[in-house]
Amino acid sequence: MSAQVFHQAMGTLQSNRLLNNSGTHHELGNIRVQLIPKSFKLNIELSRNRNFRFGKKNFGIIQATASQTSVIESASSPSNHDTSDSKKKSNEAALILVRHGESLWNEKNLFTGCVDVPLTKKGVEEAIEAGKRISNIPVDMIYTSALIRAQMTAMLAMTQHRRRKVPIIMHNESEQARTWSQIFSEDTMKQSIPVVTAWQLNERMYGELQGLNKQETADRYGKEQVHVWRRSYDIPPPNGESLEMCAQRAVAYFKDQIEPQLQSGKNVMIAAHGNSLRSIIMYLDKLTSQEVISLELSTGIPMLYIFKEGKFIRRGSPAGPAEAGVYAYTRRLAQYRQKLDEMLH
Ligand SMILES: O=C(O)[C@H](O)COP(=O)(O)O
């Protein structure tokens, strides 16, 4: 499907022209669109997954799986109607990046990659500490990878958030999964944060190193060679992904799915992995393939960016509630924190 046809479809949807003709098919290029009035679902045979579903009102961006599509809440309208968390037309948004807490294979110093291992007790504590550090920063949407260590980190961090919204994993893997996980209360939706899991944010695939001990690997192949595999930009481990290959999926997903949310004023948290986040930070900070070699991310330490007028400004790691630190990084974040203080006292 061409981008032009897709945008034409989006334009039609957003103009709502299409929504006045319930029950009929419309041809938009190679897209067949049908509005089913009862459940306000559009069956659109689209070939690309463009976004996620959360709520039924304010049709806007469309989402497609293999063949089914549901119209979703437009990215510009907040996932709740409480504009304290995200201004509809704000030109500023907060972006939080956090690498998962320590995993069981991090603890054993094994190459993990796309092997799906959980957090250690220490990793759980790191995730909770990360949550304390971001507890006053608005979060309207959460993106994680398809791997449990990132999802655990996101959910555990949000237990510390002062806004007390409930993060809810969006199940779009099938039409039934989407139907069976629907929320039918506007009020409940206002108090929820959609969590989108995306394999594109998975850790780089470490190929034949997955499961090997990092020290033994260095003993076998040499420290320098392992460092090149772990930190270079375009040299992959044996039968694995280079950082560049990881960036091709992670950064593409960020630009395609996450950046439009920030542009609409949504505050976003991404809980992912050392290398998938390194590739995204390389894009945000415009690092060269030489500079990215020295970029290391610790487990469970959140990084805050402010997205403003199309630019990403790195603001460092938010201080913990006990630490003396910046009260808020922008006027809007200060207002948000003040509102939380008022709401909670
Ligand atoms: O996949 C792994 O082993 C870790 O998450 C990241 O490993 P690295 O720091 O060696 O890239």
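Using N, Cα and C of the backbone, Cβ positions are placed for all residues, glycine too.
In the shown protein chains, 33 other C-beta atoms lie within 10 A of the C-beta of H100 (active site, tele-phosphohistidine intermediate). Under the heading active site, tele-phosphohistidine intermediate, TrEMBL lists H100.
Sequence annotations record features per position, and here TrEMBL assigns active site, proton donor/acceptor to E203. In sequence order, T112, G113, C114, S145, L147, C246, A272, H273, G274, N275, S276 are the residues near E203 (active site, proton donor/acceptor), counting only same-chain partners six or more apart with C-beta under 8 A.
According to its DSSP assignment, E102 (substrate binding site) is coil. Per TrEMBL, the feature substrate binding site maps to 99-106, 112-113, R149, 203-206, K214, 230-231, 274-275.
The compositional bias 'Polar residues' feature in TrEMBL is assigned to 70-81.
The annotation region 'Disordered' is assigned in TrEMBL to 70-89.
Here TrEMBL flags H273 as site 'Transition state stabilizer'. A sphere of 10 angstroms centred on the C-beta of H273 (site 'Transition state stabilizer') encloses 28 other C-beta atoms.
A C-beta separation below 8 Å, combined with a sequence spacing of at least six in one chain, links W105 (substrate binding site) to F111, T112, V115, V117, G211. Taken in sequence order, the recorded positions H100, E102, G113, E203, G274 that lie near ligand 1, meaning a CB under 6 Å from one of its atoms, are G113, E203, G274. The candidate set comprises the binding-site residues G113, G274. Of these, G113 has the most other Cβ atoms within 10 Å.
Shown are the binding-site residues R99, R204, K214; of these, the residue with the fewest other Cβ atoms within 10 Å is K214.
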